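Accompanying notes for the structure given below.
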Amino acid sequence: MCNHANKPPPDLLKINELMLWIVLFIASATADLWTETERISDLQQWRALCGRYAVARAYMEDSNARITVFAPVDDVFTYNPDIRALDQKETLSHIVDTQVVEISQGKRWEKQTLIRSTINSGYIYITQFENNPGNFSYFANGGMLCNHATNQWGMISGEQYLYKICTPIGHRPYPGTALSYIRDTEQILFEDRQYDNSELTELRDILNRVPDIALVIYGSSAWNGFHTFFLPNDKAFAKVIDRQRIDREVLLAHVTGMNRVLFTYPWMYDFGIHYYPSIRFSSNIIEDNFKLKLSMRNITDRRTGRWDLFAVSEVYERYSQFRRGAVWAKILVPNIPVQNGVVHIIDNVLGIVSNTIDQLVMENYRCTTLMRYINTIGQIVRNYFSATGGLVTFFAPYNEAFERIPEQIERRLLRDRVWLEQVLKLHIVPAKELTSDEITNETIVSTVDNIRQLYFIKGEWPKNNITYYVIGGGIKTAIIQDNVAATNGIVHYIERVLGVPYQSLWEILRNETRLQRSYEMLTNLQLRYALDPWQVLTPEQNFTFFVPTNEAWDTKVAPSLKARMNDGNHWLALQYVFKRHIIQGQALMYTDLRERTYVMMNDEKVVIRRRGRYFELYWPRGGRVARVIEGGEIAGINGFMHMIEDVLIYEPDLRAHGVVIVFRSNYALNSLTNIRVLDLSHNQLTSLAFAHGNHALTTLNLAHNSLRYLPDLSGLRSLRIVDLSYNHILSVNPAYLPPNVESLRLTGNNITHLTKWPFLSKLQELDVSFNPLECACPLWEFVNWAESLALFQEESLPCQRPKSLRRSRAGSAEMICGPEVVASQHVDQTYLSLGEPHRMCCLVSSYPQPTIWWHHEGRNFDWGTAQRHLPDTGQIETCVEIAAVSVDDLGIYRCFAQLEDLVVSKEFQVQRTREPLVLSSPPNIIFYCQFSIGLFIFAFCCATCCILRRGRPSKTGPQKDHQLQTKVVHVLPPKEDSSDSVTPSYGSQDQYHHPGCCAENHQYLITQEDCYAPDYPFMEERRYLTSKHLDDSAQRRISQWRHRIAAMRAPLAQFDKETNIMGIVHTSV
């Protein structure tokens, strides 16, 4: 009663809960952006900027202010440090005086651009771009909203909205229209701004002559229409010689269509090319002019990372001759917001062409190297670029294109004026204005040199980003800046010099996508070294390589033949096939091919013949034909490659060079006493022996065999060059090396340890790369020795010097390594019997050699110790031998190694073996009997105590003269069966383990539920029988049990008369 009186009424609880929710709601509703930004880690720079100005902080703290904040994240301040110095007005330009709810709706806007006022009386333009259906990107001026870069891109606190931006928002807005920005002469309006209008005097005078365009377009109200204005500066108008060409149409070509306010970053948000119409104004009607479109392009200098923005327009000419191309104007001052749009100041007048090709190239700061090469030739090439040279299309390489050329090729290019003239003429297409809209994959044009042609590839990836490639003289290059219009033609700026190779044939093969099948096959062939010389010295190092493409290998060669060629057992046959495609000693470009028979590198004859406009290879012996792909020519430093559509191969090629040398005797070479060069590479040699009779041998090539051990070459005094690359050599025994060797190659073996070889005084070249070397101290002893002889660099090894094993010697630049101590047997603890012999060894790695000693139970000793140097690994093995272990020899042993101030050790434990008790003497037998009797008595006492404790009556149960051991029975319903006989079923052990079902104050229960008596857990068995199958004796026992249960005042066992099921409990008194 008292407990119920203390409980509060339910209505009061509901009221308290409602009040709590109201308090939490008010607390959350009254939170402001200043408080919220404190917990956002990537807005701390913005919060610090607002904290410097009272007005900005007051707006952030006012939770009732209906504002929208575009806050730059910390990365914007990191990559643009000047933003940290924004003044108060520039900071306030990030805060809009209304709630921009359209951003959070996620719907497509009717207008692409929204205009909103900022709290400093400026304007901000919010632009929506649709990436794909239902997915949008948003921009506030030049700032991109971080809806793709963070999961919390919009935040609402009370009446305030906050959006994160990932790029700078742009300049501080100008308080007026574009016309006001051009005409205002008071410099006080431009104080504290990063721009002015001092370079717009020419444009101001021109607009005064056309007041209708000036007032309606440039001076229009933002509520009637807003645009993107490209304003040329005074230097841009100075390039135009005839000022009469600048009229109304030219001024309108600098303005985009209605309601298109585009800042630089939003314009190129997906790195594609977007075209927007200019404007047409006639009869007081403003409409879009799709005949003259505008776009914006980004050109990046890959050397410095600098990038320039260009406004690009089509050419607007009204002459009798139709002009093609585009006018590129560099944006000098971007992203100036005004009341009716955004202003970009440019350095060229859009829509009209005013310069020749020569002037364009001279004014471009990225073409200074090109002008130096042109001036080297003189007027022979430059006349094509002048106003009287006629229409031409010029592919002008940037400075970075010339920097790709190797130094030796560039020197040759400057010395050979004839070759330089041919290279420059290869970039000129005469009597043609070739623009990008005319370029397809089938376009072929002739050049000024009248020998070679240019081929083109049009690639589009990703969306709206089309890249054009030009191929000339075996060089493929991308067009970076296209369709630059000049008065005498078109200029395309490219990234590589046509006709000038800068890579070897092997490097080109590795990087060419269409030749990867051939590259993979050549990787393991010796032919690759011929295709990749570091310097071309002789004509024999020039090649003409007809390379099968990936499609040729996949479709024209039988899969079984290709698989057998690449199984590793027919590499000589595969190399023989590739040599059939190579002309050695001649570098033939596509125009040099003639109908004649050539002797290929494998001494077979292949005919080159013309079929229509194409050349093809004909192999008479195999009857195979492979067509040379037009435009598939690639120039390299050491020759030319031509792609072909088939492979000159057939089944008998598998037997080419199929001879494998297997010596029956290791001394089979003893009779070759006068041989000087011996090449046994690419065989299956597993062992080989040389006698002292091979005294004339100077060069030995055993590469690509199966040697597991280094053969004994110590007796070959004249041996100078040894190649043991790509075997299975495990270790190098220095005693087997030839004493006068000058070049030793051990590439691609299984060598793990190396030691220095100071006796090889004449060694000049050593290659141990591609071995599983262990980065231990002996290796760096070898490295220091090799570096002292300038044999190779440390960086060429496949492992790095471990920091834990190296230090700098005091007062010296020499490196020391180690020491490091390990056990040779990998056994740290040993059990021995007295009298047994024992040996302990440890391996010490160090450079230079350290001081080594042994320690036993607190004292140093030197008895029984021995040291030896392992030549294979370079380690020192030190051992302790005990002839017969005694009690004094037991204990802990330590192997110490000291190098200067660093001491390391390895511990060994020697213990006596635990021997079993042997009943061979009377004392042992008596002890064993006493121990057994005592253990038996202890067990008997424990069992007796447990039995007595179990037999004690329960304190809560009924006090009777007898003890009742009860068994709980779980009564289950019988299974439905049509047969008369019922088979007894036995329940599982878990059916009666449910103590929670026992009712309160009832200690003994027999019901259909799973209950048991806690004090009597003894359980014997369980049976479930129907009453009709019980005999008379069982019936009498059930009756007796019912009377006993009633006497115990416990609930009676339930007897289901419908199913005739009763529980049987076995008891004992």
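Cβ from N, Cα, C; glycine included.
Annotated signal peptide per TrEMBL: 1-31, in sequence order.
Annotation source TrEMBL lists domain 'FAS1' at 187-350 (among others).
Under the heading domain 'FAS1', TrEMBL lists 354-498 (among others). On the 0 to 100 pLDDT scale, the domain 'FAS1' (354-498) averages 89 in this prediction.
Per TrEMBL, the feature domain 'FAS1' maps to 502-648 (among others).
As annotated by TrEMBL, domain 'Ig-like' applies to 819-905.
Per TrEMBL, the feature transmembrane segment maps to 925-948.
Across the domain 'FAS1' (354-498), DSSP helix (H, G, I), strand (E, B) and coil residues number 53 helix, 45 strand, 47 coil. Here the domain 'FAS1' (502-648) has, by DSSP, the following mix of helix, strand and coil residues: 51 helix, 45 strand, 51 coil. Mapped onto DSSP classes, the domain 'Ig-like' (819-905) shows 3 helix, 53 strand, 31 coil.
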